[in-house]
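Please read the structure below before turning to the comments.
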Amino acid sequence: MFGEDDGMLTVDGVRIDEIVQKTGTPVYVTSYGKLMENLRAYKSAFPNQRLLYAVKANYNLAILKIIQKEGFGADVFSMGELYLALLAGFKPESILFNGNSKSDEEILAGIRAGVKFSVDSLDELYTISDMAIKEGKEVEIAFRVNPDVSPETHPKIATGLKKSKFGIPWEQTVEAYRIAYELPNVIPKGIHCHIGSQILSASPFIEAINRLFDVSAEIQKIGIELEFMDIGGGLGIDYEGTGSLSKEDFSKEILSVFEKRRDEINPELELWLEPGRSIVGDTTVLITRVNSVKRAYKNFVAVDAGFNTLIRPAMYNAYHRVSVANKLNRKNEEVYTIAGPICESGDILAEDRKLPVVEKGDLIAVYDAGAYGFVMSSQYNGRPRCAEVLAKDGEFYIIREREDIADIVGKQKIPELLF
Ligand code: LLP
């Protein structure tokens, strides 16, 4: 939980200045308390549904472990994510392997691990069947269906539109299930979609659910008994501090439709969800130090985190609230633009924000950085990736060491002939 001690930002009772003294900056700091609050809110909003955490949002092992211990399953999108989920203790039967471009190696790893698959194309289906035969295994699958619905979100994160690369076009879905029904060693058990991310209203989800039910009725006629309907992730969070759809209200709206239509298919049909951002997004602040303040065309505050550390503002024009973490008890007086250290004009974390007077050495907190933060960071401009910290009950734990220059150089080689 975020608080204040004499003007200094605290996370679960730990002062930020104590953390940065140990780790340096930039550093991602996660609140255990906030994470538990989100997990419990999901469990109470969806008590009888299956919740698979979308590992891509934040795959720090300590965070995965907390989520796994709360009884969540995992949605993974690569062999790396599969490995991380298994390492954190998720049981294979609670893992769904998603992805629109799984390599043969990834498919084999998933089959050997015994996870379920969300299948994105017929090519993938045939590969799974062939490999499952060779491995002597039966693989439970769902197809990812493209329901062609339009969520109101950033175009780069809308994934359920007809023109999107994801899923089987919904007009071709019944035929895909017919083929799967007849193929050996694959067992169609569910139907899946994911329409996008940072969605702030239940209506596009409801549209997608209705589409899935329409198609499911046709699938049942083939003789397939569907056991689950997975409606993906996508519930947004309140980046702007203006309020958003709560997990509870989201659940009420979704469940009222799902429960009304479930009997058409199977009274035991399970609803699955794959939340990522709405579990980890608001649990974490990115702390970055001010290297200089310059009064130019604008008041530029140059900090040590840029789009190499948090890419969301540069990539999606995303808004993240910021504060001067060591001056929380001062009045906002001047308008500043927070710029990163990368050699590109687009490297701006926050634009035109009214803050207390900022000076060299201050600490800037960038809020809601727990989802698609560290996991999307890079070493661009030869900058090692930063540390991650977990704060809990007045103590803090380094859950990822800061990289150093060796991590940039490590895998590189200069061929002999160049010397
Ligand atoms: N399931 C599937 C199949 C997904 O592709 C995603 C996210 C999720 C679940 C989780 O969605 P969430 O609950 O987190 O919205 N980097 C972007 C977001 C990309 C989302 C990709 N897929 C951002 O920073 O906004």
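We count from 1, first residue shown onward.
Yeah, the Cβs are placed from backbone N, Cα and C, and that goes for glycine too.
As recorded in TrEMBL, the features of this protein are as follows:
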- 34-280: domain 'Orn/DAP/Arg decarboxylase 2 N-terminal' (DOMAIN)
- Lys56: N6-(pyridoxal phosphate)lysine (MOD_RES)
- Gly234, Glu274, Pro275, Gly276, Arg277, Tyr372: pyridoxal 5'-phosphate binding site (BINDING)
- Arg277, Arg312, Tyr316, Glu344, Tyr372: substrate binding site (BINDING)
- Cys343: active site, proton donor (ACT_SITE)
Less than 6 Å between Cβ and the nearest atom of ligand 1 is the rule; apply it to the binding-site residues Glu274, Gly276, Glu344.
Glu274, Gly276
In three-state DSSP terms, the structure that Gly234 (pyridoxal 5'-phosphate binding site) belongs to
coil
Using all protein chains shown, find which of the binding-site residues Gly234, Pro275, Gly276 scores highest when you count other CB atoms within 10 A of its CB.
Gly234
Quick one: mean pLDDT on the domain 'Orn/DAP/Arg decarboxylase 2 N-terminal' (34-280)?
96
Nearest to Arg277 (pyridoxal 5'-phosphate binding site) by Cα, among Tyr316, Cys343, Glu344 (recorded positions)?
Tyr316
Among the binding-site residues Glu274, Glu344, which residue has the fewest other Cβ atoms within 10 Å of its own Cβ?
Glu344
Looking only at C-alpha atoms, tell me how far the residue listed as 'active site, proton donor' is from Gly276 (pyridoxal 5'-phosphate binding site), rounded to the nearest Å.
31
Could you tally the C-beta atoms, other than its own, that fall within 10 angstroms of the C-beta of Arg277 (pyridoxal 5'-phosphate binding site)?
25
Residues sitting within 8 A of the centre of the Gly234, Glu274, Pro275, Gly276, Arg277, Tyr372 CB atoms (pyridoxal 5'-phosphate site), not counting those, run Ala54, Lys56, Ala57, Ser197, Gly233, Leu235, Ser278, Ile279, Ala371
Nearest to Gly234 (pyridoxal 5'-phosphate binding site) by C-alpha distance, among the recorded positions Lys56, Arg312, Tyr316, Glu344, is Lys56
How many other Cβ atoms are found within 10 Å of the Cβ atom of Cys343 (active site, proton donor), counting all protein chains shown?
9
Integer Cα-Cα distance in angstrom, Pro275 (pyridoxal 5'-phosphate binding site) to Glu344 (substrate binding site)
33
